[in-house]
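Features reported for this protein in TrEMBL:
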type     : residues                                                                      : note
ACT_SITE : B:Glu409                                                                      : active site, proton donor
BINDING  : B:His29, B:His260, B:Arg355, B:Ser382, B:His459, B:Asp467, B:His471, B:Arg518 : substrate binding site
BINDING  : B:His69, B:Gly118, B:Pro119, B:Leu120, B:Gly157, B:Asn186, B:His260, B:Phe435 : thiamine diphosphate binding site
BINDING  : B:Asp156, B:Asn186, B:Ile188                                                  : Mg(2+) binding site
DOMAIN   : B:352-523                                                                     : domain 'Transketolase-like pyrimidine-binding'
SITE     : B:His29                                                                       : site 'Important for catalytic activity'
SITE     : B:His260                                                                      : site 'Important for catalytic activity'
2 protein chains.
Amino acid sequence: MTTPEMQRSMANAIRFLSADAVEAAGSGHPGLPMGAADIATVLFTRFLTFDPKQPAWPDRDRFVLSAGHGSMLLYSALYLLGYDDIDLEEIRRFRQLGARTAGHPEYGHAAGIETTTGPLGQGLANAVGMALAERAMNARFGDDIVDHTTYALVGDGCLMEGISQEALSLAGHLKLNKLIVLWDDNGITIDGKVSLSDSTDQAARFAASGWNTLACDGHDQEAIAASIETARASDRPTLIACRTTIGYGAPGKAGTSRVHGSPLGTEELAAARKALGWEYGPFEVPAAILDKWRLVGLRSSARRKEWEKRFATVDGEIRGEFLRRVRGDLPSGVGQAIHRWKRQLNAERPRIATRKASELALEIINAIVPETLGGSADLTGSNNTRTSQMEAIAPGDYAGRFIHYGIREHAMAAVMNGIALHGGFIPYSGTFLVFSDYCRAAMRLSALMGQRVIYVMTHDSIGLGEDGPTHQPVEHLAALRAIPQMQVFRPADAVEAVECWELALQSRHAPSVLALSRQDLPTLRLDQHDENYSARGAYEISPASGEAEVTIFATGSEVEIAFAAQAELESEGVLTRVVSVPCFELFEAQSPEYRHVILGDGTTLSIAIEAGIRQGWDRLIGRDGIFVGMSGFGASGPAPALYEHFGITAAAVVEAVKARRGA
Amino acid sequence: MTTPEMQRSMANAIRFLSADAVEAAGSGHPGLPMGAADIATVLFTRFLTFDPKQPAWPDRDRFVLSAGHGSMLLYSALYLLGYDDIDLEEIRRFRQLGARTAGHPEYGHAAGIETTTGPLGQGLANAVGMALAERAMNARFGDDIVDHTTYALVGDGCLMEGISQEALSLAGHLKLNKLIVLWDDNGITIDGKVSLSDSTDQAARFAASGWNTLACDGHDQEAIAASIETARASDRPTLIACRTTIGYGAPGKAGTSRVHGSPLGTEELAAARKALGWEYGPFEVPAAILDKWRLVGLRSSARRKEWEKRFATVDGEIRGEFLRRVRGDLPSGVGQAIHRWKRQLNAERPRIATRKASELALEIINAIVPETLGGSADLTGSNNTRTSQMEAIAPGDYAGRFIHYGIREHAMAAVMNGIALHGGFIPYSGTFLVFSDYCRAAMRLSALMGQRVIYVMTHDSIGLGEDGPTHQPVEHLAALRAIPQMQVFRPADAVEAVECWELALQSRHAPSVLALSRQDLPTLRLDQHDENYSARGAYEISPASGEAEVTIFATGSEVEIAFAAQAELESEGVLTRVVSVPCFELFEAQSPEYRHVILGDGTTLSIAIEAGIRQGWDRLIGRDGIFVGMSGFGASGPAPALYEHFGITAAAVVEAVKARRGA
């Protein structure tokens with residue numbers, strides 16, 4: 001075979017492995033792998049730096065298949081390149097329960113899958129996060145240790161999603177020139193032609209946000225290579241519009257939406273084999289072609305070995321610090337500093353908002369933990385996420401530790417996913433809790449991927465006051481607690497705030513939300529203990545004066561109300577304890593015995609106070625428990641007037657308890 | 001005063017009413033009203049067609065303050081123009097509990113507030129929906145009855161949000177030339193200069209999606225007027241970049257972020273009065289200036305009277321139909337057609353997916369209800385939302401009844417809000433249930449505004465199979481049930497599917513979600529009744545053979561499993577009933593007596609089956625009830641294998657019941 005013939009055959013190997021796997025599964029998406037096979041072949045064989053045998057090598061290039069439905073493209077490439085996790089058996093088991101080759105690429109299923117994709121647009125924003133993390137790590141550790149490129153393959157769907165605009169405008173602003181986005185420009189979506197629903201000039205849109213833009217024939221491997229070469233030399237991020245035919249090679253269906261998301265069918269698949277001159281059986285890749293792919297894998301690993309050599313010459317302390325950060329271990333000293341801070345809080349008993357308490361905790365943490373990378377979606381002064389150590393990252397200058405994400409909540413969350421996936425940083429950033437709705441699709445992926453991403457969500461109730469119901473979260477605590485593997489913290493005071501921060505930092509394989517008050521709150525945790533009580537999820541913060549008849553459960557700003565109600569009830573002879581519940585998820589994970597101690601045996605009256613909806617609380621207080629909180633949207637007015645108006649007061653609690661006991 | 005002096009004074013009236021109100025409230029956003037006062041003055045006094053005394057006149061122009069934090073701009077204008085709802089007392093009560101002048105404009109609080117804004121970007125997308133509804137109503141009723149323009153005032157924040165891209169690209173594609181967007185281009189966000197976080201050339205971005213773009217000095221009223229004139233003549237939607245100074249007139253703070261979201265302070269406010277030559281006291285508008293504003297209101301109403309004359313000459317049947325649609329009444333015959341369909345279903349007992357059942361119900365509904373406006377976010381064939389009556393709306397051709405929203409879930413939801421707010425249509429549209437996460441911020445506003453928007457969310461569980469956890473909703477039923485005033489329906493079969501559709505259509509002041517299966521389900525409701533059982537929220541769909549010892553609650557596709565478990569338990573002598581729960585919210589609204597009948601007295605064993613998380617179910621089955629469902633994310637594999645893998649089977653239910661009864 002001539003070189004061009006071999007290159008075409010290498011691409012055809014992707015095409016037919018993909019189409020065969022979809023055919024065997026009886027479902028899946030052959031259109032993208034067949035259409036983008038040439039792009040992937042050029043990228044993987046000529047540009048991408050990686051090592052199939054050391055896939056976690058930190059200075060590898062990153063490849064994000066943002067159009068995740070084309071998962072077989074990635075699986076085929078990983079198999080062809082010789083990644084151990086994806087063998088031919090895995091390709092055959094595509095979309096079967098327990099296979100590494102899930103319907104969409106799932107982070108953690110196999111090495112080489114850099115992020116979970118499928119929900120459109122997310123991968124593009126993840127890639128922005130990875131490219132940003134790369135530059136930020138480079139600014140700290142230098143070219144010898146960190147110098148790689150992030151590539152993303154996106155489809156029309158990724159580009160139609162709003163998150164694409166947020167992500168690309170941030171990348172353009174920050175001049176992330178080591179980000180190269182390859183657009184599988186096939187003009188087809190599920191419903192038919194893109195022109196059914198969109199007429200955007202995508203290149204012009206990217207250019208409007210400072211991108212370098214190129215276009216090429218996505219089936220001309222030399223043209224693709226030339227474009228990537230040009231992109232690599234750019235001082236700006238680059239979009240390469242690769243004009244492709246979806247389902248390239250399938251004579252009856254190529255170029256139509258019929259090839260997007262269904263198997264080709266026996267006949268069409270046979271016709272495609274004939275059309276492309278692929279004379280091999282299902283899942284068969286001739287040795288000559290497979291060898292050529294495997295050689296790429298071997299060759300690519302040479303770069304890794306050079307890096308190892310360079311790395312070995314680096315100062316030991318720097319080397320150690322780099323590896324610690326890549327591993328995700330916290331530096332020593334965090335625990336002690338937090339203990340000291342808790343003791344100081346116990347002595348000083350400040351009355352401050354928990355968003356302020358979070359800032360004070362961060363002042364201590366950020367001084368010891370250099371890998372935190374803070375930010376805010378244009379609410380820096382309100383979220384209190386920027387501490388004295390933090391200079392802002394700016395276009396071309398990545399030494400800072402704070403990101404002005406702009407009014408881009410969704411991309412902020414997805415970019416943080418990319419930063420966490422890249423490694424070397426613990427990203428955290430803020431917005432108002434109510435705007436978690438904008439972030440939600442990306443937050444779900446933080447949880448699904450088990451990434452240590454920390455969401456600082458301030459103004460966590462009607463306590464934000466006058467901005468009114470559009471800005472007052474009501475259902476958001478419940479809605480976030482609903483996400484599996486997401487830890488939702490709502491600290492009651494400055495002591496719990498720092499404890500929750502400690503837990504969020506220690507949580508290496510789960511994201512966290514910190515829901516924080518706008519309004520000032522007293523220090524309520526007065527007993528001096530090094531133990532992190534918040535780790536229990538719920539604990540008795542204020543015991544009854546004897547055998548409790550009433551248990552009041554509360555979180556965050558409502559624990560203060562619980563204390564006031566307790567005082568009133570105790571003064572009237574009703575023995576009452578208060579349980580603070582900073583984290584439902586951690587409480588759910590406690591032993592049955594501990595849970596029983598906290599929840600009681602059913603003879604005490606249970607009452608919960610939270611300035612949100614009841615949903616989820618029945619699990620703690622039972623169907624017959626009393627709930628004092630919200631049953632609908634909030635209103636605009638001063639916070640104290642709102643608490644009064646919605647009946648979230650100590651008096652209301654006392655009254656409800658008395659009414660029930662009288663009944 | 002010369003005319004230009006008077007025009008400036010009219011703008012200053014907005015400036016100082018706004019600044020005074022923010023000052024009195026002690027919180028709020030003076031920057032936008034002061035900066036955009038000239039824009040608003042030109043728009044309201046020279047272009048906007050409306051009638052302050054008949055604010056609901058259907059052919060009025062629509063004005064959307066997308067930058068909702070600048071609410072005082074709108075309140076000031078409404079007061080000055082003579083809208084009855086906003087008097088000076090309301091202006092003085094800005095941001096106080098119970099005032100119509102909430103922190104952000106709240107739909108329903110006062111006439112003239114066309115939509116609720118505050119969450120950024122939503123208003124822009126609402127405006128796109130209004131402009132689309134206008135063209136679609138025009139296509140049906142002609143220029144004499146429907147011919148108005150939609151204006152939106154947007155800020156930098158609106159344009160940075162991803163939803164802006166989705167909305168503007170849809171508007172550009174559809175050539176909605178009666179949409180004019182005025183951008184308050186002040187270069188300032190909360191964190192500081194826009195250049196801290198963005199360098200997008202917004203005009204170029206809009207142009208890339210087919211918009212006409214103009215720019216002008218936003219403090220030069222003649223220039224603003226000339227731009228709007230040009231925009232009105234365009235065959236495309238228009239963006240007018242109005243360069244403004246935020247907080248215009250405040251000598252020490254104008255042009256900085258300090259004037260964005262805080263009162264000016266006594267000194268700065270006095271200095272602003274001096275700088276702009278405003279010699280009047282707080283809340284004082286001299287009679288000459290107020291008269292001039294009020295005259296605008298009177299003059300504008302003349303257009304309404306001309307319309308009334310034209311409308312009176314229209315054919316009576318058309319007139320009646322127009323008014324019915326504007327009122328939002330359903331046409332007659334819907335109920336009877338649904339009864340007939342239910343009888344047919346009872347006879348035929350089809351085994352079909354509920355998404356297919358929804359399509360069949362829509363075939364009947366859409367034939368009788370001409371105001372439904374269907375759509376899908378590029379999943380038309382999967383959501384089954386397009387029926388035989390529905391041609392697609394296309395650029396320049398608005399006679400169709402189906403919208404290809406493209407891969408723009410968020411804008412789809414917000415555009416539907418705009419369509420519903422405009423009136424004349426009942427919008428519904430589809431995506432996969434898991435992607436409700438993308439829509440969520442707009443869905444919350446459907447609920448907050450009480451709009452009849454219907455979300456058709458298919459592929460509602462792990463039952464979607466091979467696409468895997470990114471596409472399998474797990475927490476979404478709980479998360480949507482959490483939104484106040486949102487009705488979440490999950491029908492079990494074709495009978496419940498049409499009943500839920502009937503309820504969604506009848507729900508004039510609340511949005512609905514229909515969660516529908518991908519997989520086929522049997523017809524389970526076999527007793528022939530015209531009553532809509534689903535309206536009870538929960539009902540006994542299959543009684544026990546005697547006094548029930550066990551109650552199985554289930555929704556949607558899991559009701560079939562409940563039936564199988566019931567059969568097995570009854571065969572073993574355990575008397576078991578099945579309760580179908582198509583809508584939690586409607587069940588919550590039933591009488592205590594009915595709820596008691598359904599929930600039981602605590603002596604029967606309660607078990608719930610739902611292929612989602614437990615959250616929310618404790619309210620029905622109690623803390624000690626058995627739950628068979630999901631406790632984490634799904635997986636990729638064939639649906640039956642997944643149900644088996646996650647233990648959501650009749651056998652698992654039977655086993656759990658026996659274990660508990662044995663215990």
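Along the chain as shown, residues are numbered 1 onward.
Positions of Cβ are set from backbone N, Cα and C atoms, glycine also.
Automatic, uncurated: that is what TrEMBL annotation is.
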Query = Does DSSP give B:Leu120 (thiamine diphosphate binding site) helix, strand or coil?
reply = coil
Task = Return the residues near B:His69 (thiamine diphosphate binding site), defined as same-chain residues 6+ apart in sequence whose C-beta is under 8 angstroms from its C-beta, sorted by sequence, else 'none'.
result = B:His29, B:Leu32, B:Gly103, B:His104, B:Gly118, B:Gly155, B:Gly261
Task = Would you list the binding-site residues among B:Gly157, B:Asn186, B:Ile188, B:Arg355, B:His459, B:Arg518 that come within less than 8 Å, Cβ to Cβ, of chain A, in the order they occur in the sequence, writing 'none' if nothing qualifies?
result = B:Gly157
Task = Work out how many Å separate B:His471 (substrate binding site) and B:Ile188 (Mg(2+) binding site) at their Cα atoms, rounded off.
result = 39
Task = Quick one: among the binding-site residues B:Asn186, B:Ser382, which has the most Cβ atoms sitting within 10 Å of its own Cβ?
result = B:Asn186
Query = Does DSSP give B:His459 (substrate binding site) helix, strand or coil?
reply = coil
Note = Greatest Cα separation in angstrom, residues B:His29, B:His260, B:Arg355, B:Ser382, B:His459, B:Asp467, B:His471, B:Arg518 binding substrate per the record, works out to 48
Note = Most Cβ neighbours within 10 Å, among the recorded positions B:Asp156, B:Glu409, B:Asp467, goes to B:Glu409
Query = What recorded positions among B:Asp156, B:Ile188, B:His260, B:Arg355, B:Glu409 are found with a C-alpha within 10 angstroms of that of B:Phe435 (thiamine diphosphate binding site)?
reply = B:Glu409
Query = Looking only at B:His29, B:Arg355, B:His471, B:Arg518, which of these binding-site residues has the biggest number of Cβ atoms within 10 Å around its Cβ?
reply = B:His29
Note = Nearest to B:Glu409 (active site, proton donor) by C-alpha distance, among the binding-site residues B:Leu120, B:Asp156, B:His260, B:Arg355, B:Arg518, is B:Leu120
Task = Between any two of B:His69, B:Gly118, B:Pro119, B:Leu120, B:Gly157, B:Asn186, B:His260, B:Phe435, the residues recorded as binding thiamine diphosphate, what is the biggest Cα to Cα distance in Å?
result = 34
Note = In chain order, residues whose C-beta lies under 8 angstroms from the C-beta of B:Leu120 (thiamine diphosphate binding site), counting only those at least six residues away in the same chain, are B:Ser66, B:Ala67, B:Gly68, B:Gly155, B:Gly157, B:Cys158, B:Met160, B:Glu161
Query = Within the chain of B:Ile188 (Mg(2+) binding site), which residues six or more apart in sequence place their C-beta under 8 angstroms from its C-beta?
reply = B:Gly31, B:Asp156, B:Val194, B:Ile246, B:Gly255, B:Thr256, B:Ser257, B:His260
Inquiry  = Quick check: with B:Asp156, B:Asn186, B:Ile188 left out, which same-chain residues have Cβ atoms within 8 Å of the centroid of the Mg(2+) site Cβ atoms?
reply    = B:Gly35, B:Gly155, B:Asp184, B:Asp185, B:Gly187, B:Thr189, B:Val194, B:Thr244, B:Ile246, B:His260
Message = Measuring Cα to Cα, how far is B:Asn186 (thiamine diphosphate binding site) from B:Arg518 (substrate binding site) in Å?
response = 48
B:Phe435 (thiamine diphosphate binding site): secondary structure state under DSSP, collapsed to three categories = helix
Request  = Taking the Cβ of B:His260 (substrate binding site) as the centre, count every other Cβ atom within 10 Å, in any protein chain shown.
outcome  = 23
Inquiry  = Considering every residue in the domain 'Transketolase-like pyrimidine-binding' (B:352-523), what is the mean pLDDT value?
reply    = 98
Rounded to the nearest Å - Cα separation of B:Ser382 (substrate binding site) and B:Pro119 (thiamine diphosphate binding site) = 31
Ask   = Which residues of the same chain, at least 6 positions away in sequence, have a Cβ lying under 8 Å from the Cβ of B:His459 (substrate binding site)?
value = B:Arg355, B:Ser382, B:Phe432, B:Leu433, B:Val434, B:Asp467, B:His471, B:Pro473, B:Leu516, B:Ser517, B:Arg518
